[in-house]
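Over in TrEMBL, the protein carries these features:
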type	residues	note
SIGNAL	A:1-19	signal peptide
TRANSMEM	A:35-55	transmembrane segment
TRANSMEM	A:76-97	transmembrane segment
TRANSMEM	A:103-122	transmembrane segment
TRANSMEM	A:129-146	transmembrane segment
TRANSMEM	A:166-186	transmembrane segment
TRANSMEM	A:234-256	transmembrane segment
TRANSMEM	A:263-283	transmembrane segment
TRANSMEM	A:289-307	transmembrane segment
There are 2 protein chains.
Amino acid sequence: MMHWSFVALLLTILTSSQGILTTLSQTNGKYLYDYATVPFLAEVFKLLVSGVFLWREYKTSPSTTKMTTEWKSVRLFPIPSIIYLIHNNVQFATLTYVDTSTYQIMGNLKIVTTGILFRLFLKRKLSNLQWMAIVLLAVGTTTSQVKGCGEASCDSLFSAPIQGYMLGILSACLSALAGVYTEFLMKKNNDSLYWQNVQLYTFGSIFNMARLIMDDFRGGFEKGPWWQRLFIGYSITTWMVVLNLGSTGLLVSWLMKYADNIVKVYATSMAMLLTTLLSVYLFSFNPTLQLFLGIIICMMSLHMYFAPPNKLVDLPETVKAAPESLKEISVERQTDS
Amino acid sequence: MMHWSFVALLLTILTSSQGILTTLSQTNGKYLYDYATVPFLAEVFKLLVSGVFLWREYKTSPSTTKMTTEWKSVRLFPIPSIIYLIHNNVQFATLTYVDTSTYQIMGNLKIVTTGILFRLFLKRKLSNLQWMAIVLLAVGTTTSQVKGCGEASCDSLFSAPIQGYMLGILSACLSALAGVYTEFLMKKNNDSLYWQNVQLYTFGSIFNMARLIMDDFRGGFEKGPWWQRLFIGYSITTWMVVLNLGSTGLLVSWLMKYADNIVKVYATSMAMLLTTLLSVYLFSFNPTLQLFLGIIICMMSLHMYFAPPNKLVDLPETVKAAPESLKEISVERQTDS
């Protein structure tokens, strides 16, 4: 079994490549392929990989490969897809009220809403310091996105209508809910990870296909049915975007089962900063002070959240010196009462 | 005896009024008085107040009013003034390489250098969390100063010559050194605070007067000797600036004796944010996202630094439950060895 921090690091690297690969897959700043087909193919890729792994696991040891096939359990697996579908529509509605950069800034709210739903739904306790770390992570990612001096478009963040902000908050809640619900699904029993994945991605593929079909109807089949658009304009880079998106999905799934949502949130936030940092070199953007500050804040937050408490604060000397004796006391106390 | 947190709060409020009063003391955006006379009069004010308090203390109880009058001790008191004098010249040199907004941003480094000199010279230990809090305070104040989208002058922070940055670091070290040295002076013996103040401000007045005289020579006495310029153009607001500057100096002195440099750094940093926040209302500035983020970061930092560790992290249950038993163990262990 891999350590979760290794998986989180891999997720950070792959997620940060995602933005760069997507940019590289454009030709003269335009997509020659239909971008909506990418998530669909990524779902199919994840489904195939999970299917193969499940088959191998089952072949090796049929007795230990746990699979709950009752409808009562299976029917829960489309729920994350349904939440994402609602989320996409809320996102669309939000963008009619606010500009994309304000929407991007508000997106950082999902770090905080994930913490709240993590506490409320999964009943996981966080120390005050961990709460502060989560708020700082959101503040840090926001800081890195503050529009710099001399940037072309200069929309004010505080001038959108109130509906825009309400929808932004709803969007952050839905995004967090999908994550927290997936974690609940993955941890509710000790079914094989691959069996759980197969269920998740079967529904994921169906919902993504439904979206492509809806796009066809909305567009009046002008570009032909979706299956004809599927590989048109695909380059090697486009396929790398698909494989990368699929791989990050599989890593997130693993983290939901063996680690948790907060680990995922840290990995994706760090990836966002890494993408911005890499863009400075790859696309010769100007490094901004706010990027630099954002990175420091997020690093502090990471350390605050994950470092063991005794590395952060000075505990009373006796506590550190006599851990064995401490256990004895608590036993004594229990027998006394 | 007042609690240090009350004194720190008072210092925050008075320091934040300082910037606003100074702006209000201008007439059509210009000073009708010589601003260099303000710190001199503030030193004289502090000297008079401390003198009166010392006299009263001595009259009430001559035996408990401790005053070390040996030259070996007195000769240390001009040192903070000398450091400030060097600092002013370094500041002047720095500004020939960098613009004022870059200088202001670099000024936040003194928060970190104060922490370092506090550790090195005063041998005060800080926990990892407190170090992180200090870095975050510097990051938070810097964040609030990030130049917003659409601001008039748009100088890049990363384009100044290297000498500018080196001098900026030197400036931050000197500023921290003056603070740390003053704390050392105030705490090195239990002399009366007022006697220590009288010594500090006597030298402070002398050095400020010397500066005015030097200005006269530099300017070729065009505006006449300094004592003729002393009250010219002074309004009620100018006098309030003098009284306010003097009062904040006295509060800092108190904090150096009964609290420490870190408390002072927090008070003045919070004051900076409060000034910016008040300016939004008083001078109808636009509130920026970076101000809002900076305030959150600094509030987190404040809580991280000053909150008791057991309010921040979850200590093992037994530690909280059985403090008395713990002491017994450590005693037993000592007798064993």
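Cβ atoms are placed via backbone N, Cα and C, with glycine included.
If you count C-beta pairs under 8 angstroms between the transmembrane segment (A:103-122) and each of A:35-55, A:76-97, A:129-146, A:166-186, A:263-283, the highest count goes to A:166-186. Across A:35-55, A:76-97, A:129-146, A:166-186, A:234-256, the stretch most heavily in contact with the transmembrane segment (A:263-283), judged by Cβ pairs under 8 Å, is A:129-146. Packing against the transmembrane segment (A:35-55) from elsewhere in the chain are residues 65, 192, 194-195, 197-198, 201-202, 204-205, 208-209, 211-212, 215, 226, 229-231, 238, 241-243, 245-246, 249-250, 253: each is 6 or more residues past its ends and has a CB under 8 Å from a CB in it.
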